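*Asks:* I'd like to ask some things about the structure below.
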Amino acid sequence: MNETLRYALLVLFSSALGLVAVLANRLTERVKIPVPLLVLVGAAVAVHAVPAVQPPSERVVERVITIALVLVLFDGGMHIGPSRFRAAAVPILSLGVVGTALTAAGAALVLHYLCGISWFPAVLVATAVAPTDPAVVFSVLGKREISGRSGTILEGESGANDPVGISLMSSLIAAGGLSAAGFASVGTQFVLQMAVGLAVGVLGGRVLLAFMRRVALPSEGLYSLRTLASCLMLYGIATLAHGSGFLAVFVAGIMIGDARAPYKPEIKRFHAALAGLAEIVAFAVLGLTVDLNVLAHPDVWVTGLVLAVALTVLIRPLAVGSCLIPVRLQRNERTFVLFAGLKGAVPILLGELLRAAHVPNAERLYGIVVVVVIFSVLVQGSSVPGVARLLHLPMRTVETRPWEIGVRLADEPEGVHRFSVAKGAAIQGCTVEGLGDRVGDIWVSIVVRTTGLVPVRGDTELMAGDEVVILADPELHDTLAELFGPARAR
């Protein structure tokens, strides 16, 4: 087989896998198996069953997963936005930093004392499995969306703990051990990476937002490409400055999440599609690196299962639960956050970094990480809908709306505001007339509910999930955002 045919076969396999992954989202609504697991297993089987499909090199895997994670984090930041972040800032930051460190410490203790792994490899594996991935949770929930603060906390936790986990892993590998000097080096590098990443994200997000608002482009499609190039630039700038590029793009995404800018809906759709593609590519590439012979070794899968069970029933409840003590959450929301710390692509990426660093027994350690992820996605992921129902978690069904109405304007419509009524918002249950009494001179022009357009009258009651278009003074935007947003977590 010549090179052209081999490349064509690779393209055919990749596109077929991508199409199957997209269509599998319909299947997950029935069988509750997360799509990432299907992609991961499919790629792992293919690399062993199809001779023409070869596992990529460690460098290729690292580069591909890095770009994929940048796209996913930037989109995740935009989805959260400043208003949702402020409403759950305390638990997000607490879980993202302290919770990740406590989870890694607990996992290291289990690996060392129960599984007999020496301290340094145990800490490396524990750091690899600490980050979470809410995309797996939302994948099995399908059209149902978690209302209230628990969904925001899970999203924000992942966006924060992914950069934390990556920075810790890179610092540990660079230190090369757990000596006093090594701990000092890890602490210094970690603080530096977080500080630089945060600074680049905040400053870069503001510059990008000003760029989006003030610099017009000749074509609609160029606006989305501009944000794509900008988020990749922010990653590069932060990394070159010895900071966390992943934290930088996540923070920048939050900065522009709620902001008004030309073609903003199109930009958000573009990045949501890119993030979906990136997730498929990430799990496919990671699946190609899985050696089924290594996973079949009892020492690997038994250790992986012990760690996975310990993370689910002991380590995460203790680590995350302690961080959530000062946070005002309903008991069912708190319990769901403790349970839904699912693992995804980042732990396997960190395992790949561990393997690329040529740590002793790296293949075995990498296999343990993969087993933990498979258990988390398969067992925990498939049980998420049942747990959500058992806890009576506030959820709403998000119906797809393929048809859109709207107008195009040459200048920014400063007096037009669009909000979604959050679960538990101050305005939930209020009438249109009551909203006017509370805010002042406004005109509610459109109310969209799952059933379609709702006739707007003075006695029309606003419900959670409603999308409301309001004409009002631009200075009222922050007041309206506060009323429509979720209650703040403290």
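Each residue's number is its place along the chain shown, starting with 1.
Yeah, the Cβs are placed from backbone N, Cα and C, and that goes for glycine too.
These numbers come from a predicted model, not from an experiment.
Below are the features I grabbed from TrEMBL:
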DOMAIN    404-486  domain 'RCK C-terminal'
TRANSMEM  6-23  transmembrane segment
TRANSMEM  35-54  transmembrane segment
TRANSMEM  60-80  transmembrane segment
TRANSMEM  92-113  transmembrane segment
TRANSMEM  119-142  transmembrane segment
TRANSMEM  163-184  transmembrane segment
TRANSMEM  190-209  transmembrane segment
TRANSMEM  270-288  transmembrane segment
TRANSMEM  300-324  transmembrane segment
TRANSMEM  366-391  transmembrane segment
*Asks:* Along the domain 'RCK C-terminal' (404-486), what average pLDDT does this model show?
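*Replies:* A mean pLDDT of 82 is what the model gives the domain 'RCK C-terminal' (404-486).
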*Asks:* So are the transmembrane segment (6-23) and the transmembrane segment (270-288) touching or not, going by 3+ C-beta pairs under 8 A with a sequence gap of 6 or more?
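*Replies:* Per Cβ check, the transmembrane segment (6-23) touches the transmembrane segment (270-288).
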*Asks:* For the transmembrane segment (60-80), which stretch among 35-54, 92-113, 190-209, 270-288, 300-324 has the most Cβ pairs under 8 A?
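*Replies:* Highest pair count goes to 270-288.
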*Asks:* Are the transmembrane segment (35-54) and the transmembrane segment (270-288) close enough that 3 or more Cβ pairs fall under 8 Å, when only pairs 6 or more apart in sequence count?
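*Replies:* Between the transmembrane segment (270-288) and the transmembrane segment (35-54), contact is present.
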*Asks:* Short question: which residues 6 or more past the ends of the transmembrane segment (366-391) have a Cβ under 8 Å from it?
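*Replies:* For the transmembrane segment (366-391), the far contacts come to 32-34, 36-37, 40-41, 125, 128-129, 136-137, 139-141, 144, 146, 290-291, 294-295, 297, 300-301, 303-305, 307-309, 311-312, 332, 335-336, 339-340, 342-344, 347-348, 350-352, 354-355.
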*Asks:* Summarise the domain 'RCK C-terminal' (404-486) as counts of helix, strand and coil residues per DSSP.
*Replies:* 19 helix, 24 strand, 40 coil
